[in-house]
Amino acid sequence: MLICPICGDDLLINEDSGQKNFSCKNNHSFDRAKSGYLNLSHKQKVSGDNKDMVLARTRFLEEGYYSFMADEVINLLKKLHPENLIDIGCGEGWYTRQFSKYADHTYGVDLSKEAILHASKNDNKTQYIVASIYRLPFRADSADVIVSIFTPIPEEEIYRVLKPGGTFISVSPGVMHHYELKEVLYDKVRLNDEPVRLDRLKKAEVLKSSLKVHVKDPMSLLDMTPYRYKCPKEGLQRLEEKKDGLNVTFDFIISVYRKEAE
């Protein structure tokens, strides 16, 4: 279901290469990295999360703080039984690994080479790909399920790649997400916006999942959020003083969409 990022023709494994090389009929060729990922990005400069951000997010997620939300998505996948699943903006692959148990074939796409490298080293079932979510390297009408966890939503690309009758699952922050953390960091707290409305996909259901959790190391939470690079120095100092941890609300909106059969 992969396509060449240069000409758009089907991209197939070259069996003579021992499954280490993909090529199209126009002889555009792409080697798998040692860890198994494919780089199908046009960008040469470093993009996306850096190594420190990848490791910070991995440490936090492996504590299990967001597992209750991942379980909600997994329950949806169990009902869908997808043959193939694409996780767009997959980052370090923590969610992708959980979801891959419920699909025959799984793909993780992210523009961060550091994130994809980390993901591919820890998951040999999923094909990880360095590529833009705004230019997905997949055939039209080829995906059963596309999942997006906290990433921008490229609706036109999702619509193009989903099969008729396919499902898009989006997880976005609820209005109270990280409220207590923001109370410490900022003098005035701004609530999160509601999820963006999609026009081409039909909304099937919306689930809300919220839990207040005691975070033992609030700095580990901060390090995996955009606040780390935006918060004022005074707010950072206040958070560093929370030696006993911090009770934080994790608030998620899980939106399920379908691509209607034409």
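From the backbone N, Cα and C atoms, a Cβ is placed for every residue, glycine too.
Noted in TrEMBL for the protein shown:
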{"type": "DOMAIN", "residues": "3-40", "note": "domain '23S rRNA (guanine(745)-N(1))-methyltransferase N-terminal'"}
{"type": "BINDING", "residues": "Cys24, His28", "note": "Zn(2+) binding site"}
{"type": "BINDING", "residues": "Tyr66, Glu92, Gly93, His177", "note": "S-adenosyl-L-methionine binding site"}
{"type": "DOMAIN", "residues": "86-169", "note": "domain 'Methyltransferase type 11'"}
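When secondary structure is read from DSSP and collapsed to three states, Glu92 (S-adenosyl-L-methionine binding site) falls in the coil class.
If you compare every pair of Cα atoms in Tyr66, Glu92, Gly93, His177, the residues listed for S-adenosyl-L-methionine, the longest distance is 22 angstrom. The local packing around Tyr66 (S-adenosyl-L-methionine binding site), expressed as other Cβ atoms within 10 Å of its Cβ over all shown chains, amounts to 20. His177 (S-adenosyl-L-methionine binding site) sits 44 Å from Cys24 (Zn(2+) binding site), taking the Cα positions as reference.
Helix, strand and coil counts from DSSP across the domain 'Methyltransferase type 11' (86-169) read 25 helix, 29 strand, 30 coil.
A count of other CB atoms within 10 A of each Cβ picks out His177 as the most crowded of the binding-site residues His28, His177. In the domain '23S rRNA (guanine(745)-N(1))-methyltransferase N-terminal' (3-40), helix, strand and coil residues by DSSP number 3 helix, 13 strand, 22 coil.
A Cα-Cα distance of 28 Å separates Glu92 (S-adenosyl-L-methionine binding site) from His28 (Zn(2+) binding site). In this structure the C-alpha atoms belonging to Tyr66 (S-adenosyl-L-methionine binding site) and Cys24 (Zn(2+) binding site) are separated by 40 Å.
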